[in-house]
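Engineer: Structure provided below as structure tokens; questions to follow.
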Amino acid sequence: MIKVVKFGGSSLASAGQFAKVGDIIRSDESRKYVVPSAPGKRNAKDTKVTDMLYDCYAAAEAEEEFKPKLKKIKDRYDAIINGLNLKLSLEEEFRIIAENFAKKAGSDYAASRGEYLNGIIMAAYLGYDFIDAAEVVFFDENGEFDADKTDKVLSARLEKSEKAVIPGFYGAKEDGSVVTFSRGGSDITGSIVAKAAKADMYENWTDVSGFLIADPRIIKNPEVIKVITYRELRELSYMGATVLHEDAVFPVRKAGIPINIRNTNAPEDEGTLIVESTCHQSKYTVTGIAGKKGFVAVNIDKDMMNSEVGFGRKVLQAFEQNGISFEHVPSGIDTMTVFVHQEEFVGKEQQVLSAIHRLAQPDTIDLEADLALIAVVGRGMRSTRGTAGRIFSALAHANVNVKMIDQGSSELNIIIGVANNDFETAIEAIYDIFVKTQL
Ligand SMILES: Nc1ncnc2c1ncn2[C@@H]1O[C@H](COP(=O)(O)OP(=O)(O)O)[C@@H](O)[C@H]1O
Ligand SMILES: N[C@@H](CC(=O)OP(=O)(O)O)C(=O)O
């Protein structure tokens, strides 16, 4: 039995947290490969080491004094080393890092040092081998993750180590330059390592007792989801449930390895099991609710639109030409709406509008900004009638105006558009009707 265990920043923020992680690993012989993140926040007001590194490197790049900032980062690691009574010095590592910062080695290199150094400490603490991710996780010349090469090299390397620590979040290009995944990317490394190790389980340890039905920052003490499918999870993490990086599902899913989300601060809790498919019926019609703020709806009207062959393609081409991806495209008989990320759209707004005019000759286009999208996800929805109706009535009772509703053809999710300002109220209302009161 082989388990790959990833510990998030919150699980490794201090010596006390490291000690809990040590106990968890030592309590199960099969926890052979460990993927650590960089130290996260010790309390709500604290700063993640990754953010300290970005900030320190920005100073180096601007040719400002960066050494005091680097010293603060070193202090965080030294506090962990001393708290664990380890005989380990990071003096030489920090000398090299300072040298590379002065040489402007890049912000990816800078950020990756958070995981790299934590990996060195973790390996020393556990007595495991240390494998630098730059030697086993590869990116191509365009900075895209190279899954095939990584799997080949990493599997061969893991065969030589019975127990090892592989830092999360980064890898390297052929020329050795470091590349990171997007934020939260240690989850992806964990998944890649699990696939390469042919693990039986990928455990992802964090600071909550599993995937919760809704974001705990919005709903107080939400219930834990016991079993969820990869597809449901993908919908939820894509729509903002940040507990697992949205791309972390792919490597393990291909290999059929289940993921178990666990809580470092409550290791006895079973957490959430993420599987390909299951007979386990979820307790409620809805498995989970997640959402994101910051969308713009581009509403396009044209009489007889439905009979014009190629209209939709022309509209979407206008977005494509400007490098903008779309989220949802609900449509009516003479109307079509394209939801895009506000951040991506604002700078190119007028170019996109003139491209739509040029390509599709609509009657009118209007824009609605500051919208949020909420995904209500559940494998149980397919066999239950009236789900959309319940959502509508819950939102109407909560005085939330529904701007859009879109049921995915898989019947696995319903997407609802509301004003940013109504986001939290809407999630509370939906949670309330499906979970709390089950009306
Ligand atoms: N549906 C959800 N279930 C659980 N946690 C969620 C959910 N949505 C958002 N979160 C947030 O995700 C956090 C865990 O993810 P993250 O901060 O990346 O942890 P780590 O530092 O362990 O990688 C939780 O503390 C919680 O605030
Ligand atoms: N340390 C990186 C990568 C990561 O995965 O961190 P965490 O496991 O704390 O979300 C970040 O902050 O983005």
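FYI, residue positions are counted from 1 along the chain as it appears here.
Cβ from N, Cα, C; glycine included.
Whatever TrEMBL says is automated annotation, not expert-curated.
Checked TrEMBL, it gives:
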- LYS6, PHE7, GLY8, GLY9, THR206, ASP207, ARG217: ATP binding site (BINDING)
- THR50, GLU115: substrate binding site (BINDING)
- 376-439: domain 'ACT' (DOMAIN)
Engineer: In the domain 'ACT' (376-439), how many residues does DSSP put in helix, strand and coil?
Structural biologist: 33 helix, 13 strand, 18 coil
Engineer: Under a three-state reduction of DSSP output, how is THR50 (substrate binding site) classified: helix, strand, or coil?
Structural biologist: helix
Engineer: Taking ligand 2 as the reference and 6 angstroms as the Cβ limit (strictly under), which binding-site residues among GLY8, GLY9, THR206, ASP207 are close?
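Structural biologist: Cβ < 6 Å from ligand 2, in sequence order: GLY8, GLY9.
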Engineer: Please report the number of other Cβ atoms within 10 Å of the Cβ of PHE7 (ATP binding site).
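Structural biologist: Looking across every protein chain shown, the total is 29.
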Engineer: Taking LYS6, PHE7, GLY8, GLY9, THR206, ASP207, ARG217 as the record's ATP-binding set, what's the max Cα pairwise distance in Å, rounded to a whole number?
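Structural biologist: For the residues that bind ATP, the greatest Cα distance is 23 Å.
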Engineer: Would you mind listing, in sequence order, the residues at least six apart from THR50 (substrate binding site) in the same chain with a Cβ closer than 8 Å to its Cβ?
Structural biologist: GLY9, ALA38, ALA111, GLY114, PHE169, ARG183
Engineer: Quick check for the class: what is the C-alpha distance, in angstrom and rounded, between GLU115 (substrate binding site) and GLY8 (ATP binding site)?
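Structural biologist: Cα to Cα, GLU115 (substrate binding site) and GLY8 (ATP binding site) are separated by 10 Å.
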